[in-house]
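Copied from Swiss-Prot, the annotated features are:
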- K138: SUMO1 cross-link (CROSSLNK)
- K138: SUMO2 cross-link (CROSSLNK)
- K141: SUMO1 cross-link (CROSSLNK)
- K141: SUMO2 cross-link (CROSSLNK)
- A2: N-acetylalanine (MOD_RES)
- S34: phosphoserine (MOD_RES)
- K43: N6-acetyllysine (MOD_RES)
- S47: phosphoserine (MOD_RES)
- K105: N6-acetyllysine (MOD_RES)
- K127: N6-acetyllysine (MOD_RES)
- K141: N6-succinyllysine (MOD_RES)
- K141: N6-acetyllysine (MOD_RES)
- K178: N6-acetyllysine (MOD_RES)
- 1-36: region 'Disordered' (REGION)
Amino acid sequence: MAEQEPTAEQLAQIAAENEEDEHSVNYKPPAQKSIQEIQELDKDDESLRKYKEALLGRVAVSADPNVPNVIVTRLTLVCSTAPGPLELDLTGDLESFKKQSFVLKEGVEYRIKISFRVNREIVSGMKYIQHTYRKGVKIDKTDYMVGSYGPRAEEYEFLTPMEEAPKGMLARGSYNIKSRFTDDDKTDHLSWEWNLTIKKEWKD
């Protein structure tokens, strides 16, 4: 039996319902300071120095200036019932993602995991922004506040709250997703597009 495609009116209705759930936060970011400036502040205060070291680690501020401060390495769809890994390597050819698609079974619970590194300076107010399109119509926009992070050798991981994949005949089909990783300074650390296909079963 052929899948029933949603009409333009139904897509507009979905977009309107999702728009009602969007909230803008009136937030003014603090003035940015470099790691070196933070380490120099109150450097004679031993307890404060130890606190900063615990917070920031022993940071080498002379990191290669040619390497981006923030590198987003992977996007993973975390789903306990998935038959295999659902992962995008964001250090490679981003254009290739437009030609492939994740398959997600309708109604399953999943989370999005973003893996990233911070190399030199503290980054304040990082956000993961996701716009979802169906047949060229934007039906959803979600902003996730990732937070502020300092440099370290190990990768950080950010997990979105648990979500449920859409379900039902009208929900099945292909979705185009435009993702962006940004911060308080509106620096575009990485933007990429990827595709998601909602199916009745993992493989049908």
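Count begins at 1; order follows the chain as displayed.
Backbone N, Cα and C atoms are what each Cβ position is placed from, and that goes for glycine too.
Taking the features listed in Swiss-Prot, we show where each one sits on the structure.
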residue: K105; record: N6-acetyllysine; contacts (Cβ under 8 Å, 6+ apart): T81, A165, I198, K199, K200, E201, W202
residue: K127; record: N6-acetyllysine; contacts (Cβ under 8 Å, 6+ apart): D143, Y144, M145, V146, F181, T182, D183
residue: K178; record: N6-acetyllysine; contacts (Cβ under 8 Å, 6+ apart): Q130, H131, Y133, S191, W192, E193
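Note on K141 (SUMO1 cross-link): other Cβ atoms within 10 Å of its Cβ, all shown chains, come to 15. Within 10 Å of the C-beta of K138 (SUMO1 cross-link) there are 16 other C-beta atoms, taking all protein chains into account.
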